[in-house]
Structure formats: C-alpha cells, structure tokens
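Enquirer: My questions all concern the structure below.
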C-alpha cells in the first residue's frame with residue numbers, strides 16, 4: 001500500500017492499554033541523592049563552617065596525641081597545628097582523604113549533640129552535691145526493690161538492678177517523680193565497671209612520679225572499687241560509668257551511619273602503600 005511495505009510502528013493507545021510494562025522497573029534506591037549527616041552539613045553555609053572547624057579540631061587532637069607519644073619535645077610542637085590545617089583543607093577534596101576528614105568532623109558534631117542526652121539520662125550533679133554535704137543522697141541506680149520487712153528499708157543492690165517497666169510497680173509516693181524523669185534509667189553494673197576500668201587506666205597512666213603501668217593499674221582499681229560503694233561516691237562512679245557506656249553506644253551508631261572505620265581503614269592502607277613505595281625507592285629505614 002501507501003506505506004511502501006513498511007510496517008506501521010506502535011503508537012500511543014495501540015494495544016490493550018496496559019502501559020505499565022513499557023515504563024520499566026522503578027529506579028533503585030541508590031539513585032536517590034545522598035542524605036547522611038555529611039550531606040546535610042554541606043548543604044548550608046553554617047554547616048560547612050561547623051564541619052571545617054570540627055575536622056580541624058580532630059586534626060589538632062590527633063596531632064597533640066602524636067606529639068606527646070611519638071615526638072616529645074620541640075619536634076612535636078608544630079605537629080598539632082599542622083594536622084589541624086591538613087584535615088581542614090582536606091574537607092574540600094573529593095577523594096578518600098576528603099571523605100574521611102568530612103566524616104570525622106561530622107562524627108564529632110553528632111557525638112557532641114548526643115552528650116546532652118547522656119548528661120540528662122545520667123546526671124552527676126546531685127551525687128557531687130551529696131558528697132559535699134549540700135544535698136540528700138540520690139541513690140543510683142534507683143532503689144527499685146520492694147521494702148524489706150526489717151523496718152521498711154529498701155534493698156540496695158546495683159548488681160541485680162532491673163528497670164521498672166510499669167508505673168503500677170512504683171510506690172504511689174514515688175510515681176510522680178518516676179513519670180517526670182521518664183521511667184527508670186538503664187543500668188548494668190558490668191559494662192559500667194568496664195568503662196570505669198578503661199577510664200582509670202587512661203587517667204592514671206599520666207599520673208606524675210609513677211610508671212605508666214603502675215598509674216594505669218592504680219587508676220583502674222580506684223574507680224572500679226569506688227563503683228561498688230553504696231554511698232554518694234559510689235553513685236557518682238556508677239553514673240559516670242553508665243554515661244561512658246551511653247556515649248560508646250552513640251559512637252557505634254554514628255560509625256554505622258557514616259562508616260568511619262571503613263574509610264579510615266581505606267586511607268590507612270593507601271598511606272601504608274605509599275610509605276612502602278618510598279621505602280623501596282629511597283631505602284628509608
């Protein structure tokens with residue numbers, strides 16, 4: 001016919017009207033724009049400035065640690081500001097080094113934001129005031145056991161503490177306070193002790209006039225033993241331990257979101273490879 005033997009192509013409306021198959025599958029989730037903490041910070045001018053300052057703070061802290069441990073004396077003095085500038089400038093790079101610097105800065109900002117939540121959940125001010133005789137003791141963890149028969153005293157055993165899940169388990173005179181603080185706090189004696197042992201080792205290791213190992217052992221023993229006291233001092237130690245446990249959990253969640261550990265491993269591998277190349281080329285010992 002008039003088509004010259006050519007077949008007429010499919011036009012809109014031809015067929016049974018089922019056009020769903022013609023559209024193809026939906027786009028995968030990875031096609032959506034990146035929406036993590038780093039991207040949210042980079043989307044605003046204030047966020048970019050905060051990220052820059054946070055990354056430089058990480059660099060300065062890392063440089064200070066290296067200067068004290070590996071380069072003591074005058075050689076280590078320029079290390080903290082140098083690393084601070086390097087990490088701040090690397091936030092502008094679009095490679096693995098820039099990704100790591102931005103993720104470290106975002107992680108510090110996220111951790112700083114969650115510290116207020118840990119302070120509210122595990123306050124230490126009431127215990128300090130009780131130690132100084134400026135207020136009554138506030139047992140931590142709270143006394144949740146029913147009163148004993150010998151004089152109506154409450155049993156106090158932090159090793160067997162279990163938060164009360166229902167308001168009906170709380171005595172009527174304590175129910176209003178229990179609801180105001182959002183229920184009983186989470187507490188576990190073993191994680192709190194582990195956190196205090198690590199804190200004591202770090203703090204005691206820098207104690208003057210003592211070897212590092214002796215100061216670390218002494219600091220761990222003092223904090224761990226203090227956490228077993230059923231007094232305002234013990235309450236303070238246990239609250240500090242659980243605050244550290246809470247921050248450790250937040251760090252784990254931040255790492256899961258930003259994948260800081262994986263990016264740090266990638267950058268460390270690249271630096272190690274470059275150092276090996278320099279060693280083979282220049283025989284650096």
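Note that Cβ sites are derived from N, Cα and C of the backbone, with glycine treated the same way.
Automatic, uncurated: that is what TrEMBL annotation is.
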Enquirer: Would you please say which range out of 65-98, 99-132, 133-166 has the annotation region 'Disordered' in TrEMBL?
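Expert: Checking TrEMBL against the ranges 65-98, 99-132, 133-166, the region 'Disordered' one is 133-166.
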Enquirer: State the residue range annotated as transmembrane segment by TrEMBL; the candidates are 169-186, 187-204, 241-258.
Expert: 187-204
Enquirer: Below 8 angstroms Cβ to Cβ, which residues of this chain, lying six or more residues outside the transmembrane segment (187-204), approach it?
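Expert: 140-141, 158-159, 161, 163, 210, 215-224, 226-227, 237-238, 240-242, 244-245, 248.
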